[in-house]
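Here's the structure we're looking at; comments come further down.
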Amino acid sequence: MAGAPDERRRGPAAGEQLQQQHVSCQVFPERLAQGNPQQGFFSSFFTSNQKCQLRLLKTLETNPYVKLLLDAMKHSGCAVNKDRHFSCEDCNGNVSGGFDASTSQIVLCQNNIHNQAHMNRVVTHELIHAFDHCRAHVDWFTNIRHLACSEVRAANLSGDCSLVNEIFRLHFGLKQHHQTCVRDRATLSILAVRNISKEVAKKAVDEVFESCFNDHEPFGRIPHNKTYARYAHRDFENRDRYYSNI
């Protein structure tokens, strides 16, 4: 992101750069070795790309989760630009999106995002990663605990584990079901981008779960639905007004 930590600090070592490129190209084949998406001359005319761009625009303009995250990014010195920081591309497998830390860019998988609700969740999820990238020096590629923490936060705060989504997945439960969902979704997200065993991914999630599950920034609470997200956005705006008057 503009002014993001990777642009303010010294760049990664050569070995880490190679690992970044390898991970990005495995999941996002349109990423070049330099970390930039390929742009064909007629790419903007493909139907899937047009739909992706329109859904993204609607999400950025109307979704309360995303509007709060955009304000929080700007407040932290990492203002988001639609054309610079989002890219609609075809992706491998069933991946819906990802945050490419090497370019501070969110990749939206136009071949796997098929409706507006899905776009809303993916953009929210990836913006949480971008927010973490902005506010802290996250070692995405060599520290599995850092990745696990951000995945726990994204699963917890993006609405991915909402009751509606879990019913749609035919997952039912009562006691601590939200926590179980967050653990499961975080583990799956790690496995989607790392060639490691499920046991290693689960262990990383377990090690960071308590502290990262209880880190609700910038929402200040778990936004279980859009109403909660609107309240959180209102409180975030009021918090800014309060501190500006001190």
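Including glycine, each Cβ sits where the backbone N, Cα and C put it.
The DSSP secondary structure for GLU126 (active site) is helix. Its Cβ placed at the centre, GLU126 (active site) has 24 other Cβ atoms within 10 Å. The annotation active site is assigned in Swiss-Prot to GLU126 on the grounds of sequence analysis.
HIS125 (divalent metal cation binding site) is surrounded by 26 other CB atoms, counting those within 10 A of its CB over all protein chains shown. The divalent metal cation binding site annotation in Swiss-Prot covers HIS125, HIS129.
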